[in-house]
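Beneath this line is the structure, given in structure tokens, with notes to follow.
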Ligand SMILES: Nc1ncnc2c1ncn2[C@@H]1O[C@H](COP(=O)(O)OP(=O)(O)OP(=O)(O)O)[C@@H](O)[C@H]1O
Ligand SMILES: [Mg+2]
């Protein structure tokens, strides 16, 4: 894959701490326009915090962030749907607030977006509290995509989805990214997703990005954490499956 | 530099031309343009050679216009369509197939109104049943816990006594002091005309011992503590903590409700007592400060008030405590799993607790009067 040179997000020398717990230390990461970049790291390594920092929800203690995109879309790890609105209203809200579309038009577009991520009309009329965990994820993705953003940040989008839906989710993200030039920053523990759709992978360990490159090159990285991550039993199975598909 | 999206239909050639940027910012214009076109045309060819960027929202606009089956048929041999654009249109076709046009629901009808009424009645009945159920459960659990000291949750009990009781002493005292002063002034204003200013002290003393002392404390707790009980338990419900307790075979009533109830049972009489003292102090401040009644005179008037009035007032405190704790906790359990629901039930808990306290006080006043106590 040829790498487009324009950076859409650039993080320089980022440090984050909570109390006396250092989460990131002098972390650097560049994201190029149009790519799908996967962010991996152990549980509690600070991936969600890094996403929040990139979006501007969390002010880093030191460091600089340049994000050349607007609007942005975000899928939070736990969905973060507004509990006082139906799912369709949740998805339509950005359109109602930020465009001159009428409410009915916005809701119609929301229903279509929901269909795109595999939720039917009935789910659209329910409240978030009435949905399953996987349905919440998909509704939140629909909300993140509704304004056709330049860049979306997805925090574990396929966690809690069944394998079929997870694969469909992967394909959907890939299609959107290719066709719309959408940049995707994706936190995931799903190795299949990494192999299937990511142009590059960034590995977060030891409070910094220890490697960022194509899947093939990252897998070959001698770092011990990377080795055990990608060459554990699950890593091997996913790699095997990915090779078969090619 | 972005060319506005356009759509054009040639009736003789049965050719539909789409071009320009089909993005969200042009959605409204494109939608208007489509409404000018003949509905459901029998297009046989689709020309996309001038088409720039297409996004999903506008793609679904075209799918809505042509109908997904027709667009699906046109896509494979559309002129000048790139694969990326085709993918977007194809997903739009798929998504619109399953979506009907959004129609707003009618918001008002006579039948709906009657149905609503019926719903409300059956809801209220259901709420009452819930309340009775809960009280029954609570009494049983209380008895079961009280006879077995090993199951006393002393830490939780002390914690809630501190939170609901001790922490409320300053505000209760201040409120009672001010009300005591107000009552003294009020009494003085009315009684001076009869030359009976001294009786303003009696008004404060009788008023606070029989009614106001404990009532003020209960009203304050209904606002302060019932709401916090509801919010605490409701947040645990939303977080599925109550379910986790049940799975671990722990009884939420025993763990959460009993300590709160017992804490209020101890603290409300105490707060009532503090409130009476503060009210009397407020009365004294006014009497000595501006009614020309000496401190000794004030004390001797107080001394003549029969002590049974004090006990009549205090006897209501435990009942108020039970009502406040029960309503606060029950509303917490009623929370559904959303943040909004916590807010609704917290409001409802305060309103119900206040209402119940005042109703109970009125009934007690009637009862004590009939009994001549
Ligand atoms: N608001 C906060 N206050 C204190 N510590 C925090 C806060 N948010 C995150 N942390 C800490 O920062 C660390 C990184 O958390 P983060 O949520 O980013 O992990 P993660 O990499 O996303 O893990 P997972 O894969 O489990 O989602 C954790 O140790 C967590 O305890
Ligand atoms: Mg996380």
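Positions of Cβ are set from backbone N, Cα and C atoms, glycine also.
Keep in mind it's a predicted model, so treat the numbers as computed, not measured.
Listed in TrEMBL for this protein:
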TRANSMEM  B:128-147  transmembrane segment
TRANSMEM  B:168-191  transmembrane segment
TRANSMEM  B:203-223  transmembrane segment
TRANSMEM  B:261-289  transmembrane segment
TRANSMEM  B:309-330  transmembrane segment
TRANSMEM  B:350-369  transmembrane segment
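Among the recorded stretches B:128-147, B:168-191, B:261-289, B:309-330, B:350-369, the one sharing the largest number of Cβ pairs closer than 8 Å with the transmembrane segment (B:203-223) is B:261-289.
A Cβ distance under 8 Å defines the sequence-distant neighbours of the transmembrane segment (B:168-191), meaning residues of its chain 6+ beyond its ends; these are 197, 199-201, 203-204, 207-208, 212-213, 216-217, 220-221, 224-225, 267, 271, 274-283, 285-287, 290-291.
By number of Cβ pairs under 8 Å, the transmembrane segment (B:309-330) is matched best by B:261-289 from the list B:128-147, B:261-289, B:350-369.
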